[in-house]
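In Swiss-Prot this protein carries:
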TOPO_DOM  1-6  topological domain 'Mitochondrial intermembrane'
TRANSMEM  7-24  transmembrane segment
TOPO_DOM  25-210  topological domain 'Cytoplasmic'
DOMAIN    138-165  domain 'PLD phosphodiesterase'
ACT_SITE  HIS143  active site
ACT_SITE  LYS145  active site
ACT_SITE  ASP150  active site
Amino acid sequence: MLLWGRWKVVAGLAGLALSLELLLRYMRRRKPIREVLFFPAPVTCIEPVLYPMKQCSCPLPHTDSAFSRLLLLLLRAQRSLELCVFTFSCPSLARAVLLLHSRGVRVRVITDNDYMAASGSQIGPLRSAGVAVRHDQSSGYMHHKFAVVDGTVVLTGSLNWTVQATQTNRENILITDDRVIVKAYQQEFERLWQEYDPASYDFFPEKENK
């Protein structure tokens, strides 16, 4: 019985070692995400991206583009999507965000207070749908343009979430799953999320004594 018990221990340790080896091999084989998207992007049909099971017969080109790639990366979110964007007026990007929200993905948005009510802003529709939105309360701009997908991938660059930026301007987005970089952006988002908590706003600041 004692010998059999020892063999069970040895077999268990061997199985654990094999599992760890397989895990390490998988991690080494996993291709890191290192990608750059450049804009402007050609106008293409995005319906197959948003709804892959539906057919679309619109006259727009049904081809890949930097914009469709951006949508695909965002729609990968399974648990959470944190957006920190200066201005958000692109209806197609709003559709993607609302689609994630409808799937139960936790979506949080931080934006600039001066631009959230600008003409064409999508912040109102997002809030109406129940998406959590916070904004700054300062004279300086909240000028970030980044997104964190599931806490594992960061999309960051010069791109404002506007039609002009995606279709007209020279812009870029860097995508990476580097853990150090993702952690830094996640921490910055959480820091701003707490800083912009409406409960901490001073709506009636006292005038300085002169």
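Keep in mind that glycine also has a Cβ here, set from the backbone N, Cα and C atoms.
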Residues satisfying Cβ distance under 8 Å from HIS143 (active site), sequence separation of at least 6:
PHE86, ASP112
What does the DSSP secondary structure composition of the domain 'PLD phosphodiesterase' (138-165) look like, as residue counts for helix, strand and coil?
3 helix, 11 strand, 14 coil
Express the predicted model's confidence over the domain 'PLD phosphodiesterase' (138-165) as a mean pLDDT, rounded to an integer.
97
